[in-house]
Amino acid sequence: MFYMTPSFYSFSSNYYCAFLKLYCETRNLANAKKLHCLIIKAFRNPETFLLNNLVGSYAKLGNITYARKVFDHIPQPSIYSWNTMLSSYSKMGLVPEMERVFYAMPTRDVVSWNSLISGYAGCGSIVQSVKAYNLMLNDGSFNLSHITFSTMLILASSQGCVQLGRQIHGHVVKFGFRSYVFVGSPLVDMYSKSGLISCAMQAFDEMPEKNVVMYNTLIKGLMRCGKLEDSRRLFYDMKDRDSITWTTMIAGFTQNGFYREAIDLLGEMSLEKLEMDQYTFGSVLTACGSVMALQEGKQVHAYIIRTDYKDNIFVGSALVDMYCKCKCIESAETVFKKMTRKNVVSWTAMLVGYGQNGFSEEAVRIFGDMQKYGVEPDDFTLGSVISSCANLASLEEGAQFHGRALVSGLISFLTVSNALVTLYGKCGSIEDSHRLFSEMSFRDEVSWTALVSGYAQFGKANETIRLFESMLANGLKPDRVTFIGVLSACSRAGLVEKGNKIFESMVKEHGIVPMQDHYTCMIDLFSRAGRLEEARDFIHKMPFNPDAIGWATLLSSCRFYENMEIGKWAAEFLLELEPHNTASYILLSSIYAAKGKWEEVARLRKGMRDKGLKKEPGCSWIKYKNKVHIFSAHDRSNPFSDEIYSELEKLYHKMIQAGYVPDMNSVLHDVEDSEKIKMLNHHSEKLAIAFGLIFIPPGLPIRVVKNLRVCGDCHNATKYISKVTQREILVRDAARFHLFKDGKCSCGDFW
């Protein structure tokens with residue numbers, strides 16, 4: 001409440017001005033108006049000094065209308081009065097009003113000109129700013145000040161106008177302002193932001209005096225240009241460093257991928273007992289997440305809890321992101337739930353974390369929660385949730401997000417359109433994927449790679465290669481992921497020579513050093529085609545040994561082609577590399593089982609039991625009415641189990657009549673054939689397909705996802721199921737996508 005005693009009316013203007021200052025600091029417009037009323041009562045003719053303060057106070061409190069009314073009632077406005085009104089319009093970006101005041105002024109000084117230039121610069125108008133600057137020079141160089149040059153340099157920097165910046169630099173030297181550090185910092189910043197780091201360093205060296213702001217500006221510029229050693233040298237040459245200096249270095253190391261250096265530097269900063277802010281914590285948490293430095297991340301979190309930043313939305317989002325990248329999803333959830341305020345960045349961090357850690361369903365769920373709280377997604381959020389739908393092979397939900405992208409206009413963002421191309425490709429709708437790709441007004445490397453990978457998943461090698469060649473013809477540079485898609489397509493189609501040629505071009509023509517995944521593709525290329533000796537020779541020539549996936553790929557083909565010699569060789573390496581990996585035992589057992597060597601199968605099983613190893617249980621899932629139904633072999637937990645097993649029995653008889661022969665080699669047990677058939681018929685993917693046949697309406701494809709690779713019998717059986725039911729069945733397993741239609745599979749004979 002505003003109270004005044006009668007004696008208050010006898011106070012001088014200075015007392016009123018002191019209260020006006022207080023109300024500006026506390027953003028109290030109501031009390032400022034009450035004080036104005038008292039001033040009118042206390043003074044018949046208030047001093048111009050007091051009225052000027054009223055004008056400035058109203059402007060600072062955002063009421064420009066009252067400010068102008070007070071200004072218009074000043075009997076004899078001084079140049080300070082005019083400048084106060086002019087500056088108010090300038091700061092609020094009211095350019096027409098600013099111009100009217102400026103040209104109505106009886107006299108002008110350096111403040112007047114600087115206000116005019118600042119008003120234009122604040123609106124990003126280079127033309128008007130330069131015009132005002134030239135008029136100022138014509139009026140006399142005595143009008144120039146360090147504020148003039150600082151404003152013009154900041155404008156040139158923000159608009160990327162290097163030529164203007166160079167001209168202003170010349171005037172700085174010409175008119176003797178080179179020694180002003182207030183001018184030096186924006187000058188260095190202008191050159192560094194323009195990529196002219198050598199000019200920035202030269203401007204820095206020529207400054208006779210330097211303060212910490214100039215050092216910080218140059219360090220930031222050097223970091224932006226990737227000159228880390230120069231930044232480090234300058235940092236340690238500084239006599240005085242503030243918290244901004246340390247934060248700039250930590251952020252620079254993080255942005256340039258030197259995450260460990262960023263984490264170590266935070267340790268040094270803590271010894272200096274300097275205050276850390278949200279940018280310090282945000283940068284170092286990003287570094288911790290990038291190298292999965294969980295312990296260091298927890299230490300930073302513990303430190304944050306003791307500061308005022310424990311409820312900071314920026315820091316909270318960074319913590320969620322760090323824990324997600326370190327695969328501590330529960331810790332991320334705890335931080336997220338405790339955040340008192342959340343924005344789109346916070347929600348997106350949690351959503352992306354779920355998606356990256358295999359919790360795609362949770363990612364879709366949290367998107368719905370985000371909408372309930374009224375937080376509008378940005379392109380990155382929408383792209384991420386679409387990617388989660390792709391991982392779930394949930395075309396229906398993905399299509400809904402497609403509609404949202406169209407309505408919101410976010411489909412124009414590459415992040416969203418690329419995710420949609422990937423979604424339709426992963427869900428088996430490659431035609432829709434290609435149509436979306438064709439409709440994109442702009443495509444980048446990710447767009448092309450998404451479509452290439454989509455075709456590759458279906459084993460459509462010719463289409464994949466044509467796309468790859470079109471990508472090159474359009475001047476786009478393929479990356480490592482692109483080559484993985486092309487090589488895998490060649491592998492699935494048995495195009496050994498073509499794949500070999502593409503692998504060689506990756507190194508010789510595109511300068512891409514092959515990674516483990518590329519070598520695995522090549523092992524798969526030779527192995528799948530039955531050229532196991534060539535696969536072994538290729539492995540001998542590799543610069544490093546294959547990883548577990550590479551050995552398992554070779555071993556799987558050895559099982560298919562019943563090559564015991566190379567299979568045992570691959571199994572030995574796989575067991576040495578991952579002694580607790582059950583894949584080597586299972587695959588080698590299947591080779592022995594195919595040869596009828598049940599003693600060897602028993603020996604391998606005993607070895608697994610002795611080591612406490614268990615085969616990862618296979619499971620398949622299918623989505624129906626927004627609910628995921630999960631099945632395992634011989635599963636009877638589903639409420640519709642009786643109908644499912646009845647459907648499987650009917651299917652089996654129809655498939656037998658159509659020519660289906662059960663693959664007994666897929667059963668690794670020494671039991672009667674009748675028992676083997678029963679075991680085969682109740683595999684998880686067959687149960688999921690039967691569920692789909694019962695509940696998915698005719699005309700719609702049945703989409704099944706499996707955590708392991710589809711076994712040989714299930715692959716063959718699904719071809720017959722598609723034939724006898726005339727249904728389109730899409731199965732995505734741990735390795736690839738299978739589209740079954742009219743008794744054929746998209747992967748052809750090289751599945």
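For all residues, glycine too, the Cβ spot is worked out from N, Cα and C.
Nobody curates TrEMBL annotations by hand; they come from automatic prediction.
As written in TrEMBL, here are the features:
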type   : residues : note
REPEAT : 78-112   : repeat 'PPR'
REPEAT : 211-245  : repeat 'PPR'
REPEAT : 343-377  : repeat 'PPR'
REPEAT : 444-478  : repeat 'PPR'
REPEAT : 479-514  : repeat 'PPR'
REPEAT : 581-615  : repeat 'PPR'
DOMAIN : 659-751  : domain 'DYW'
DSSP puts the residues of the repeat 'PPR' (211-245) at 26 helix, 0 strand, 9 coil
DSSP composition of the repeat 'PPR' (343-377), residue counts helix/strand/coil, works out to 26 helix, 0 strand, 9 coil
List the helix, strand and coil residue totals of the repeat 'PPR' (444-478) as derived from DSSP.
26 helix, 0 strand, 9 coil
Within the repeat 'PPR' (479-514), residues counted as helix, strand or coil by DSSP:
27 helix, 0 strand, 9 coil
